[in-house]
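Participant: Pulled these features from Swiss-Prot for this protein:
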type	residues	note
REGION	432-507	region 'Type E motif'
REGION	508-538	region 'Type E(+) motif'
REGION	539-633	region 'Type DYW motif'
REPEAT	94-124	repeat 'PPR 1'
REPEAT	125-159	repeat 'PPR 2'
REPEAT	160-194	repeat 'PPR 3'
REPEAT	195-225	repeat 'PPR 4'
REPEAT	226-260	repeat 'PPR 5'
REPEAT	261-295	repeat 'PPR 6'
REPEAT	296-326	repeat 'PPR 7'
REPEAT	327-361	repeat 'PPR 8'
REPEAT	362-396	repeat 'PPR 9'
REPEAT	397-431	repeat 'PPR 10'
TRANSIT	1-63	transit peptide
Amino acid sequence: MALRFPPRLLSQLKLSRRLNSLPAPVSEDSEDESLKFPSNDLLLRTSSNDLEGSYIPADRRFYNTLLKKCTVFKLLIQGRIVHAHILQSIFRHDIVMGNTLLNMYAKCGSLEEARKVFEKMPQRDFVTWTTLISGYSQHDRPCDALLFFNQMLRFGYSPNEFTLSSVIKAAAAERRGCCGHQLHGFCVKCGFDSNVHVGSALLDLYTRYGLMDDAQLVFDALESRNDVSWNALIAGHARRSGTEKALELFQGMLRDGFRPSHFSYASLFGACSSTGFLEQGKWVHAYMIKSGEKLVAFAGNTLLDMYAKSGSIHDARKIFDRLAKRDVVSWNSLLTAYAQHGFGKEAVWWFEEMRRVGIRPNEISFLSVLTACSHSGLLDEGWHYYELMKKDGIVPEAWHYVTVVDLLGRAGDLNRALRFIEEMPIEPTAAIWKALLNACRMHKNTELGAYAAEHVFELDPDDPGPHVILYNIYASGGRWNDAARVRKKMKESGVKKEPACSWVEIENAIHMFVANDERHPQREEIARKWEEVLAKIKELGYVPDTSHVIVHVDQQEREVNLQYHSEKIALAFALLNTPPGSTIHIKKNIRVCGDCHTAIKLASKVVGREIIVRDTNRFHHFKDGNCSCKDYW
C-alpha cells in the first residue's frame, strides 16, 4: 500500500520508491559506512510534477507525519526506512520522536524493535512507558505488559488512565483474576476508579472471572458511561447465563442513548440460545433490524445458532441467506443446524455447496456433516466424508471417531463399529464406547452392550448415563436380576441418575416440569388434558411401551408411571396455554424415551399442531403423526 500524504509533502512521496531500493536499515552504531543511508540533503531533494526541484527541510512535524502514516496503514518496512533517516538527523535523541517511533513499531506488531527503541532512548516519560505497555497488552504479550508496568512504578513514573486500562486488560488476558482487586485498589488510590476507560477494563476483567457483584460496583461508580462499559457488563452477564439481567441492561443502554455493538448483539443472542429465551432473542433481533445494523458474520453467526437451537431451522436458513459476508463459521453454523435437526440430505448438499464456492471445510465442518449423516441413516455418505476428511489432511479427533461409531452403530453394523474402535489410532475414550453402548440399546444387543458399558465404567465411573442405558437394556430383555445388579452398583458407588425435566417458554416465562409433577398450580387441568389426548392416541393404536420404566413393578403401575413423564406434562401444559394451531417448543435435559416419542408423534396428529422437542441428542419435529427423525434416532 502506498503512503498518502498531504499535497505539501508530495515530493516526499518519492522516498518510499527511492528508499525501497536501498540497503536495509542498520543500527546507528554500525561501523560499516557503506551500509549507512545517504544524507538528508540527497534524500529530501525529490521531484514531482508541481514541485520540480523544490527543497523542503525535514522537521519534527514532517517525520511525525510520515511515521503516523506508517502506523495507520501498518507500513512496517517504510517505517524502518523513516527510522533510519531519523537516526541521521538532529532528532535521533528527541523524546517525542522516540515515542512516535515506539508507537509505530508497537502498532505494527514489531514488539522487539519497539523494545530496542525503548532501551536506546536516553530520556523517557510516562508516554514512553504507556506506549510500550499498551503494545504488549494489545499483541497478546500480557506478561511483558505487567513486567514493564512494575518497572515503570519502580522508576517513579505515574500511570495515566490509558496505562492502567492496558495493564488491567493484560491481567485479564493472563488469567490473573486475583490481581483484579489489587489493580482496582491501585486505581482508587490514583483517582482513576471513576474513569470510563479504566472502569471498562475493570468491568471486562471482573466479568471474565464471574465476579459480577464487583463488576456492578465498578459500573455504578463510573462518573460517565460509554458504549464500551455498557457492552462489557452486558457481555459479562450474557456469558454467565444471566440472560434476564443482560436483557435488562440492554434496555437501560438504549434508554441512555448508547448504540449496541455487534459484540453486544452476539453476546445476547448467545445467551438467549443457551437459556432458551427465543422470544427475547427475537425482540433483540427486531431491534437490530430497526436500527439499520448490517448482519455481519460475528453477530449473524450467533443469531443463526440461536434460531437453530430454538428449533427454528427455517429462520436459521434465512439468517444465513442475509449475511453480508459468510466465513467458515457461518457455513459450519448452518451445517450444525441441519445436523441437529436431522436433515441429513440438506446438510450434505450444503457441505458440497460450501466446497463449490471455495470455502475449505475444517474439522468442525466434517464433524457436522458426519453427525448429520449419522442422524439420518446415510451410512455410505458418512463413510465417504470420513475418508475425504483424511484425504484433505485433517487428522480425525476423538469426536470424529465418536460420530463414526455412532454412524455404524445406528445403521445396525455393530460388529463393524467394534472393529473400527479396535483399529483406531487413538485410545478409545468413554464417549466412543458410549456411542457403541447407545447403538446396542437401539438394536437390543445385550452382550455387546454389557461389554461396551464395562469400558465406559472403567473410563468414566461417575457418569450415570451409561448405567441407566445398561439397566434399560437388561430391563427391556426381562433380565431383572442383571438390571438390579446395575442399580445396586450405582447405589454403592454413589452414582445418581440425573433427574429428568422438560420446559416450555410461554409469554417470556420458562415453565419447568419433572416426572409426576405435583407442584404446578394447573396440575389438575394438565392431568385432565393429557388423559384427553391419551384417549385419542390410543384410538390411533398407541400402546404404552413399558420397557422404558426402570423400576420393577407390575404392568399396570408401569403404564401409569409412563404417562407422567416430564415431556408429556409439558405438552399438556402447552396445549392449555398456547393458541390453537401454534407451534409448541419443548426442551428436555436428557434423551426423550421411546414411549414419549411415539406418544408425542401421534399427539401431533390428534391436536393438529407441530411439536418441536429438543433433547440432548437432537431436535424432533413432530407433525401430522410423523417425526423428522423418521424413527431413526
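Glycine is no exception: its Cβ is also placed from the backbone N, Cα and C atoms.
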Participant: Which bits of the chain, at least 6 residues beyond where the repeat 'PPR 2' (125-159) starts or stops, bring a Cβ under 8 A of a Cβ in it?
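Facilitator: Tertiary neighbours of the repeat 'PPR 2' (125-159) are 95, 98-99, 102-103, 105-107, 109, 111, 114-115, 118, 166-167, 169-171, 173-174, 176, 190.
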Participant: Using DSSP, what is the helix/strand/coil residue split across the repeat 'PPR 2' (125-159)?
Facilitator: 26 helix, 0 strand, 9 coil
Participant: Apart from its near flanks, which chain residues at least 6 from the ends of the repeat 'PPR 7' (296-326) lie with a Cβ under 8 angstroms of it?
Facilitator: 262-263, 265-266, 269-270, 272-274, 276, 278, 281, 285, 288, 333-334, 336-338, 340-341, 343, 359, 583, 585, 612, 614, 619, 621
Participant: Looking only at the repeat 'PPR 9' (362-396), what is the model's average confidence as pLDDT?
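Facilitator: A mean pLDDT of 97 is what the model gives the repeat 'PPR 9' (362-396).
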Participant: Do any residues, 6 or more residues outside the repeat 'PPR 3' (160-194), come within under 8 Å Cβ-to-Cβ of it, and if so which ones?
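Facilitator: Same-chain residues near the repeat 'PPR 3' (160-194) but 6 or more away: 126, 129-130, 133-134, 136-138, 140, 142-143, 145-146, 149, 152, 200-202, 204-206, 208-209, 211, 214, 218, 221-223.
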Participant: Report, as numbers and ranges, which residues of the same chain sit near the region 'Type E(+) motif' (508-538): CB under 8 Å and 6 or more residues beyond its ends.
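Facilitator: Contacts of the region 'Type E(+) motif' (508-538) (Cβ under 8 Å, skipping residues fewer than 6 from its ends): 275-277, 279-280, 499-502, 561, 563-566, 568-573, 575-576, 599, 602-603, 606-607.
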Participant: For the repeat 'PPR 10' (397-431), what does DSSP give as the number of helix, strand and coil residues?
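Facilitator: Here the numbers are 25 helix, 0 strand, 10 coil.
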Participant: Going along the chain, which residues at least six beyond the ends of the repeat 'PPR 10' (397-431) come within the CB cut-off of under 8 Å?
Facilitator: 363, 366-367, 370-371, 373-375, 377, 379, 382-383, 386, 389, 438-440, 442-443, 445, 448, 455-456, 459-460, 463, 632
Participant: Cβ under 8 Å, sequence separation of at least 6 from the ends of the repeat 'PPR 4' (195-225): give me the contacting residues as numbers and ranges.
Facilitator: 161-162, 164-166, 168-169, 171-172, 177, 180-181, 183-184, 187, 232-233, 235-237, 239-240, 242, 256, 258
